[in-house]
Amino acid sequence: MEGVSGRHDFYIGLGLALSSSIFIGGSFILKKKGLLKLASRGSIRAGQGGHAYLREWLWWAGLLSMGVGEAANFAAYAFAPATLVTPLGALSVLVSAVLSSYFLNEHLNVHGKIGCILSVLGSTVMVIHAPQGEEVSSLESMAEKLKDPGFIAFAVCVLVSSILLIFVAGPRYGRSNVLVYVLVCSAIGSLSVSCVKGLGITLKELFAGKQVLKEPLGWILLICLVICISVQINYLNKALDIFNTSVVTPIYYVLFTTAVMTCSAILFKEWQHMVLHNIIGTISGFLTIVSGIFLLHAFRDIPFTPDLLPLFLKQGRADLHTFRRGAEKHQSCLHQPLLGPEDIHNGSQSVEEEGESV
């Protein structure tokens, strides 16, 4: 009976994660459309510190879509481990890339399409070989894990690095390097996932009839989650306003997934319960995702033309073209008379002259 219940929870978490990717991928498009609309009006852009997007309904539609996606993602973490839910975020990369090519006129070349496919395949491999997190069934056990020295050190490093990125690197390199603002979103996002996991446990206990509203940990996690999401939204808007959507989305996915996997491994000690082939599968899946993201990012502005083919392929194309021209010429020779029109005309004239002379 427990196995059936566990399988039921697995499918619920899987369905919620898939729907979350669709809503979140669409939210990037709506937000970008709103920001572009504001830029055409001459409003102060978000990348320059403006907040005119708060008066744009398209931006609010994107925020609502992201809210629905995050809510579905929130529920998915309550039913399934983070190592299952987080890699499925690659689908939001695919959704965003495809929609941006249709609605934002952002060209997605063949390298980008291959990168999207590799991201999905790598995520699938990671899901198959994902480490299983320890069962955290109560707020007491969650509190014990949050007190772990390893997690405390990780949280301090995340906060210090985020502060340095915001106040030191942001003013200098924020408009020229896409990693600055995306790193802030990813680092803070790893802490928000921990808060989501704890709040999911709180809601489960609340629905089970336990008096969890009197526990301070639940409220602390809620406040921390609101702060983390606010920071993520602010700096994600800056990144989207400055850089291309098809660049921000996949890079954000890779960095966010890395941060969440690291946080989950430290907080829930997931890697301690993995066998060798699952470790290899997880690393291989992640490297596949990184390869796909590299194709999306490194070759985004390069049009795919025959000139980009390797030399031996060019030679093969040239030989094929020569062969086709030769075949067409041979066919034309077979269907043409041996004498041309001028030769025939000259020949008839000579025959007439010979007849007259005779």
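Cβ from N, Cα, C; glycine included.
Here is what TrEMBL says about this protein:
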TRANSMEM  12-30  transmembrane segment
TRANSMEM  57-77  transmembrane segment
TRANSMEM  84-104  transmembrane segment
TRANSMEM  151-172  transmembrane segment
TRANSMEM  178-196  transmembrane segment
TRANSMEM  217-235  transmembrane segment
TRANSMEM  247-268  transmembrane segment
TRANSMEM  275-299  transmembrane segment
REGION    337-358  region 'Disordered'
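The transmembrane segment (178-196) and the transmembrane segment (247-268) are in contact, since at least 3 Cβ pairs between them lie under 8 Å (pairs 6 or more apart in sequence). Tertiary neighbourhood of the transmembrane segment (57-77): same-chain residues 12-14, 16-17, 19-24, 26-35, 37-38, 85, 92, 193, 196-197, 199-200, 229, 233, selected by CB-CB distance under 8 Å and a gap of 6+ residues from either end. Among the listed stretches 84-104, 151-172, 217-235, the one sharing the most Cβ pairs under 8 Å with the transmembrane segment (247-268) is 84-104.
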